[in-house]
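Single-structure report; data block below.
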Amino acid sequence: MSNFAIILAAGKGTRMKSDLPKVLHKVAGISMLEHVFRSVGAIQPEKTVTVVGHKAELVEEVLTGQTEFVTQSEQLGTGHAVMMTEPILEGLSGHTLVIAGDTPLITGESLKNLIDFHINHKNVATILTAETDNPFGYGRIVRNDNAEVLRIVEQKDATDFEKQIKEINTGTYVFDNERLFEALKNINTNNAQGEYYITDVIGIFRETGEKVGAYTLKDFDESLGVNDRVALATAESVMRRRINHKHMVNGVSFVNPEATYIDIDVEIAPEVQIEANVTLKGQTKIGAETVLTNGTYVVDSTIGAGAVITNSMIEESSVADGVTVGPYAHIRPNSSLGAQVHIGNFVEVKGSSIGENTKAGHLTYIGNCEVGSNVNFGAGTITVNYDGKNKYKTVIGDNVFVGSNSTIIAPVELGDNSLVGAGSTITKDVPADAIAIGRGRQINKDEYATRLPHHPKNQ
């Protein structure tokens, strides 16, 4: 039989106090909705239907082409949300997972175990439950003496005895698909909230003597539903521990994993060393035996093997093997650094390609440049690429030496093996093998300083 999935993502999330739909808030670099969608993939659903509502266009944009969408124009409860999927799923034979889009910590393994449990026990409905020493606020799972599920009782309706129950409803379920839509026709809004509750379907199945079961999560953290910023931070913390643990098991060293922030899609090779307060975001990839020191921040970039990045920022760029960057360097988007390049302290590179073995040791700006191999930039070198309206390119050949405090005004080309004298302002192309000097001649005026007020003779 087929598996189907319904993801509930229509809510506004008022307690988040945000213009962004709740399910689009990010945990470890991707939205909560994407986390749920990836986990749902573990059950290999034939159809996945996502119920949208508040700012539906933003939610749909995240999963465009990956799921079917239905709209819940009015948020009238979880049961009502599932009703919206009827045109797509009603009448199909199979098992349907119903899950909220604000549960980013649920794992694919747990969902696979849930649906296997449901099938193996021939249940018409299976509730995903969890156990906690502090069940306040959760619906409790009431069982009979044979451990069979009788009902779900909400906190406000629970007796003193029922409030002591530690097994809680996580809000995730698996149903026999055909029976689900038959039962939905019999639920109503006769409750304090005036809404259609999916939990009422469980009661209907019990009344008709059909088999309802419960599968209990091994890890309570997976049950976390995010309703406010506090829970969002908790989810981020749990996810960070999971991610860092995975990398450590795979051979990555962390000085302080609790103070290291790595997004879920980051790839790290073995033998990488990561110090505290390092942040790796987006689609970043780190090669083997690279060292990332305290304070390094890397976004959507590839760093090769054996590199050393010292307290620096790298954005949307590629860094080859053996490169050293920092401290306090900034590699801005669309840059590439060849093998064994050295970018030192207070150097900024933007939109430039730099050939292997090139060095810019300190206090240099390289913008919109194509730089060859074995080039040396002296301290204080500036490539001037912007005239207030347009950006221009500088091309620097192989084996070029640029003296300190030089200004290179684009568009200009420095030929192979050329040399720029220190303090020069270069406005014209420099031929290969030439020396370019673009500065005023030094003039010494003997004894002139004695006329100045600050000279000791005038004190």
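Backbone N, Cα and C define each Cβ position, glycine as well.
What Swiss-Prot records for this protein:
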REGION    1-229  region 'Pyrophosphorylase'
BINDING   8-11, K22, Q72, 77-78, G139, E154, N169, N227, R332, K350, Y365, N376  UDP-N-acetyl-alpha-D-glucosamine binding site
BINDING   D102, N227  Mg(2+) binding site
REGION    230-250  region 'Linker'
REGION    251-459  region 'N-acetyltransferase'
ACT_SITE  H362  active site, proton acceptor
BINDING   A379, N385, Y386, S404, A422, R439  acetyl-CoA binding site
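Sequence features, as recorded in Swiss-Prot, placed on the structure.
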| residue | record | contacts (Cβ under 8 Å, 6+ apart) |
| --- | --- | --- |
| L8 | UDP-N-acetyl-alpha-D-glucosamine binding site | V51, T78, A81, V82, V98, I99, A100, G101 |
| A10 | UDP-N-acetyl-alpha-D-glucosamine binding site | V51, V52, G53, H54, A56, T71, Q72, Q75, A81 |
| K22 | UDP-N-acetyl-alpha-D-glucosamine binding site | G11, K12, G13, M16, M32, D102, V226, N227 |
| G77 | UDP-N-acetyl-alpha-D-glucosamine binding site | T189, Q193, E195, Y196, Y197, I198 |
| H362 | active site, proton acceptor | G344, N345, F346, V347, A379 |
| Y365 | UDP-N-acetyl-alpha-D-glucosamine binding site | V347, E348, K350, T381, I382, T383 |
| N385 | acetyl-CoA binding site | G367, N368, C369, K391, Y392, K393, T394, A410 |
| R439 | acetyl-CoA binding site | G421, G423, S424, T425 |
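Of all the binding-site residues listed (N169, N227, S404), N169 sits in the most crowded Cβ setting, with the most other Cβ atoms within 10 Å. Taking the C-alpha positions, the distance from Y386 (acetyl-CoA binding site) to G139 (UDP-N-acetyl-alpha-D-glucosamine binding site) comes to 62 Å. Look at A10 (UDP-N-acetyl-alpha-D-glucosamine binding site): DSSP puts it in coil.
Rounded to a whole value, the Cα-Cα separation of A422 (acetyl-CoA binding site) and R332 (UDP-N-acetyl-alpha-D-glucosamine binding site) is 26 Å.
The DSSP secondary structure for D102 (Mg(2+) binding site) is coil. With respect to Cβ neighbours within 10 Å, the binding-site residues A379, A422 differ, and A422 shows the lowest count. The Cβ of R332 (UDP-N-acetyl-alpha-D-glucosamine binding site) lies under 8 Å from the Cβ of E315, E316, S317, E348, V349, K350, G351, each of which sits 6+ residues away along the same chain. Taking the Cβ of G139 (UDP-N-acetyl-alpha-D-glucosamine binding site) as reference, residues of its chain lying under 8 Å away and at least six apart in sequence are, in sequence order, I152, V153, E154, Q155, I168, N169, T199. Other Cβ atoms within 10 Å of the Cβ of D102 (Mg(2+) binding site), summed over all protein chains shown, number 26. Secondary structure at K22 (UDP-N-acetyl-alpha-D-glucosamine binding site), as computed by DSSP, is helix.
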